[in-house]
């Protein structure tokens with residue numbers, strides 16, 4: 001049994017899959033419980049920020065959270081500039097998002113920022129157009145925090161188990 005448990009707590013595939021399933025269940029339950037909100041973006045953000053276990057999993061998750069915030073914020077900024085989106089505004093948003101990710105030294109997760117930007121700007125609006133970007137920003141933020149919590153708590157549990165079984169981490 002100990003050997004089986006050791007295999008589980010060292011398998012990136014199992015750890016990542018379990019984290020994604022936990023995140024999916026939490027996000028899906030919230031989506032069903034609050035259908036009046038656009039919580040699909042919460043669910044998507046949870047999955048986007050979860051990382052497989054490894055020496056940099058917390059850092060990678062935190063970088064993905066930052067990227068999500070950057071993309072969402074730039075999306076809000078673009079909508080304040082011009083609510084009638086055109087290709088120029090979208091391209092401007094992508095450039096600004098990329099520059100900010102570069103300045104924060106998180107280029108490895110810049111695609112997450114661009115996805116968040118496009119979620120804010122392109123997805124059809126289900127509610128009041130003025131509130132939609134703010135609701136999406138809030139749901140993306142909540143999803144990031146849930147994904148971060150899942151990664152951090154599971155990482156703490158895995159480290160504890162690795163210490164118990166004398167496995168290097």
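Just so you know, glycine gets a Cβ as well, placed from its N, Cα and C.
Pulled from TrEMBL:
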DOMAIN    32-149  domain 'Integral membrane bound transporter'
TRANSMEM  12-31  transmembrane segment
TRANSMEM  87-104  transmembrane segment
TRANSMEM  109-126  transmembrane segment
TRANSMEM  138-158  transmembrane segment
Can you tell me which parts of the same chain pack against the transmembrane segment (12-31), counting only residues 6+ beyond its ends and a CB-CB cutoff under 8 A?
39-40, 42-43, 46-47, 50-54, 143, 146-147, 150-151, 154, 158
The DSSP breakdown of the domain 'Integral membrane bound transporter' (32-149) into helix, strand and coil residues is 88 helix, 0 strand, 30 coil
